[in-house]
Amino acid sequence: MPEPAKSAPAAKKGSKKAVSKVQKKDGKKRRKSRKESYAIYVYKVLKQVHPDTGISSKAMSIMNSFVNDIFERIAGEASRLAHYNKRSTITSREIQTAVRLLLPGELAKHAVSEGTKAVTKYTSAK
């Protein structure tokens, strides 16, 4: 799964901009590179929790940085755990343990229960 770009600017209302073509000097068109972001997902969650609340582009950028940071921390810890146990695959068990190690108390419990729920939903939909 490709990792989103680190310095991705947040688009308004959490949507990605379409790839626009930029005119070059010799007449050929060059595609503008896409900036990956968690903005659309942050926006969807915001609307689930507070339907009447908006988010500024600066706040969206901060949320995007936060999600990237947490993703890297969990992935790094899960990688270390797999390495310690001489495993070459990161499973949901490593992710769960990494979350328990990284997040404090009640937050870890909620994250683990939500993660378990998501994995169950995914496997039942297959």
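Heads up, the Cβ atoms here are built off N, Cα and C, so glycines get one too.
Keep in mind that this is a model prediction, so the values were computed, not measured.
Swiss-Prot has this to say about the protein:
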- 1-12: compositional bias 'Low complexity' (COMPBIAS)
- K121: ubiquitin cross-link (CROSSLNK)
- S113: O-linked glycosylation site (CARBOHYD)
- K6: N6-acetyllysine (MOD_RES)
- K13: N6-acetyllysine (MOD_RES)
- S15: phosphoserine (MOD_RES)
- K16: N6-acetyllysine (MOD_RES)
- K21: N6-acetyllysine (MOD_RES)
- 1-35: region 'Disordered' (REGION)
Inter-residue C-alpha distance, S113 (O-linked glycosylation site) and the residue listed as 'ubiquitin cross-link' (nearest angstrom):
12
For a quick check of packing: other C-beta atoms within 10 Å of the C-beta of S113 (O-linked glycosylation site), how many?
10
Once the chains shown are all counted, how many other Cβ atoms turn up within 10 Å of the Cβ of K121 (ubiquitin cross-link)?
9
